[in-house]
Amino acid sequence: MLMYKLMSEFHLEWGITLLTLNFSYFLFNSYQIKANWPLSYSTILVSLFVLLWLTFTTQSFILFYVFFECSLIPTIILILGWGYQPERLPASYYFLFYTLLSSLPLLFIIIAHTSIYSSSFLQFWGNFMDKMIFLLAILSFLVKLPVYFAHIWLPKAHVEAPVTGSMVLAAILLKLGGYGLYLVQVLNIYSETTLMGVCLMGGIFSCLICLRQSDVKSLIAYSSVAHMSFVILGMLMSCTYTNMSSILMMVSHGICSSGLFYLSYLFYARIWSRSFLLTRSMISLFPYLCFWWLSLSFLNMGLPPSLNFFSEMYFFIGAFSLDWMVVGLSGILCFLSSCYCIYLYSSTSHGESLYIFKLISMQLKGMYNRKSSSDSVTDFNFRLLL
C-alpha cells in the first residue's frame, strides 16, 4: 500500500512507534501526577496515545481523518481539567474551533472522493485532486502545524495546558499536520510560491515575536511556529532533500521543544513564575538544570551534530537548486532562530536578578535543601532530569 511505502522510505513506522513508546514511558515515570483523579489523568493519556498510534498507522484516509480529529478531545480535556489559569477556557475554544473548522473542507473532499472512487485509500488520490482541491485539503494540516496567520490557537493552548499537555502537543500532535501534509504533497506536485512566501515571512515574524516575549512558555510556543514554517516550506518545495529536511525538523523539534517545556515547568515549580524578570540568574541556584537548558537551546538552534543542523543542511541543498530568494530569506530565518535561542538561555540563566527575588530564592533553596535531606539542590534537579 502507498502509505506503507511512504513510511518505509524514511522508516517512519518504526520511528513513530518508538517515539510514542518513549514519550509514554517518560510521562508515566518522570512526572508525578498531583491531581485528585490520577486514574482519569492516566486514562486520558493512554487514550491519546492510542489515537495517535491509530492515526499514524491507518491506510484509509477517512479513518485517518477520524483519528486525526478525535485526538483533539483528550487534549482539550487535559487543558480544561489540569490547566493552571482561568484563561484555559478561551484557549480551549481557540484550539477547538481553529482545528475543527479548518478540517471541514478536508471532510467534504474525502466524502466526494469516496463517492466517486468507492474507496478512501491513498493510492487513488493522485487522479482526483486539482490545484484548488489540493489547497483546501492541506488547509487542515496547515492550521494543525500551524502556519503563520493561523497560529493564534497554539500559544494560548501551550501556555494554558499542563506540562504533559504542552509536551504531547509539541512532540506529537503538531506532527500530525506535517504527516498529513507529507502524505498529500507526495501525490500532488504543486509549487505554491504564495504559500511559500507566507511561510518564510511568517517564520521571520515569529522569530521577531519570540525576541519580544516576556514569558518563557510563550516564547517556546512561538518558536514552534517558526520551526513549523521550515517544515511547511520544505514540503511545498516537493524535493527529496527538502522532504527529508522537513521530517528531520519535525523529529528534532519534537525532542527539543518538549524538553524545553518540561524544563520550563521545573523552573515554574521552583519560583512560581514564568516571567523573564523573575527567572534571571538561575544558574547560581540550579546549575544542573541550566546545563540541560543550555544543551536543549543549542540543539534547538541547530548546532552540529544536532538533528536541526542536518535538517537545515538538507534544506539548503534542495533550496539552492530551486530559488536563491528562498535561500536568502531562509538564512535570515535560521539566524533569527539562533538569536531567540540565545535570548531564551541568557535571559533565564544569567543576568542580574531582582533584590527581593534573591531573598525569595534563598528561602526556596532552603526549602529544597530540607526536602532533599542531605543532598544538594543541584543533585535533586539532576535526579529529576534522569
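Note that Cβ sites are derived from N, Cα and C of the backbone, with glycine treated the same way.
The transmembrane segment feature in Swiss-Prot is assigned to 8-28, 37-57, 61-81, 91-111, 133-153, 167-187, 189-209, 219-239, 247-267, 283-303, 315-335; the stated evidence is sequence analysis.
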Touch test for the transmembrane segment (219-239) and the transmembrane segment (61-81), at least 3 Cβ pairs under 8 Å
no
Counting Cβ pairs under 8 Å that are 6 or more apart in sequence, does the total for the transmembrane segment (37-57) and the transmembrane segment (167-187) reach three or more?
yes
Given 91-111, 167-187, 189-209, 247-267, 315-335, the one sharing the most C-beta pairs under 8 Å with the transmembrane segment (133-153) is 91-111
Have the transmembrane segment (247-267) and the transmembrane segment (167-187) got at least three CB pairs under 8 Å, pairs 6 or more apart in sequence?
yes
